[in-house]
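Engineer: Input: one structure, supplied below.
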């Protein structure tokens, strides 16, 4: 009899669920959802409970044996958020969670519109495992839970407490489950906007030895060779459209989309100096690299692979000592960002303050020279570098810059200096350094909220204008007032917080100083360009050793035209429209001439300076900013001349 009753229970419950599914499908087909679906589910849940009560009472008279009963309508839907439909999210949350709970991870998922993809509401922090899945604070929850037939909480309309077969509410929890619940309670309540690791990032050990890193570059070289052959064959069968616009690097068959994928995969794996070069490619405009390739290279900014837990812990123990966790209340073992030199983890200090811990990849500092040499071998073999770039000079500069970036103690000092310089600024702020958790390979700062500027396109025109205006003013102040500049224009180094309406400045590893001897001449070149004075630009360019004075006329004209084009933004009192300007296209047409006829490499300072200034203009272009620039430069120029006079 008991077996028959059990079968009847299962049959009736199955019929009720089938009816619910059919009704929901029909309602969704008719475009009805929300409260109506909630009502249907509530009726189904009540019906299930009534059936359980009736058969439970009969069962209690027949036998003490227990049968299945469900405490929730859909336990998987309540505890396994990643598979839920967006349109029913509000109904499911209201049914399965208390009102005090923070929004689930999908509330700001990458698929939503506007700037939301850049950050996530991360209150229920993810367990180590599949990104985007939220874990129950009680550990793993099965699709069915055992319940007592005489459960006093099983009355209709009341949510029943779940019991196991041993009549204990804790009987089925393992030590691991209890520990997870304890950690979940200790986790910090995160800020409303938090950076998330790219879905392309994978956990892979950083190749530390020189041979291990060389093997990756060797595999890349072979792959590029086969990819180039395939690209040549494809182009021979389908000639390019002669009317189409080409970027500077489009002429190389080695830089096809397939090869770009190969390069990005290798760079994200080896990280370090090689990935840094890839990040430089990721912030170029259409004139230098076509949009399809730029989109591929864009992944290297936030989708570098991250270290396995064991390798990461070894770095922390070696640098901070074995008891470094004693200073923390919580530490997130999965990073929320991974870049060229290191990866960033969320943590919380004992006092409750949330911090970001940047941990350097092992072997990166020691492998700079070999990485650069290996990468240059691949690039030279594939003929990717146009003539006239003076790669030897460029690589020497890159080596020195990377060596400085690998010194986290130097970066901490630069961040403190910038924080002091901008302490009273109404729009920018620099996160505070946490000295007790800093070392040559670990850098800890306070956690900032917001999203990077490449995700700010959905903001209003007024806010975008204000952001870009302040960035250009800061760029001029760094060069001509501080003479101390953060030269990495990666969009992820500028985080906009819509709640504070401020931009946080991050990553000061690429910070450098500029001598007065350089800035005295450079500001005169910019001034002459703003005034469209070709003779003054030529004179100062020779003084700065941009030119020797012996260049052919074509090279001289191309150089002067390029500088005058760059000065156009500072030449007019009318608002300059960065979104529709043709500056990059005009310069793009001059690059082949300059690469062909250049006699000397540009001054060393200009590599990092032009990277920063060009990146700042690209931010303005991407955000389609529109504002007058002449007054900002005139103010910078007059202030510079005043300080110059005071110091004489």
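Glycine is treated like the rest: Cβ placed from N, Cα and C.
Per Swiss-Prot, the features are:
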type: TRANSIT; residues: 1-162; note: transit peptide
type: REGION; residues: 90-115; note: region 'Disordered'
type: REGION; residues: 183-204; note: region 'Disordered'
type: MOTIF; residues: 276-279; note: motif 'KxGQ motif'
type: MOTIF; residues: 337-340; note: motif 'AAAS motif'
type: ACT_SITE; residues: 488; note: active site, proton acceptor
Engineer: How do the residues of the motif 'AAAS motif' (337-340) split into helix, strand and coil according to DSSP?
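Structural biologist: Taking each residue of the motif 'AAAS motif' (337-340) in turn, the totals are 0 helix, 2 strand, 2 coil.
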Engineer: When you measure from the Cβ of residue 488 (active site, proton acceptor), how many other Cβ atoms are you left with inside 10 Å?
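Structural biologist: There are 23 of them.
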Engineer: If you average the pLDDT over the motif 'AAAS motif' (337-340), what number do you get?
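Structural biologist: A mean pLDDT of 79 is what the model gives the motif 'AAAS motif' (337-340).
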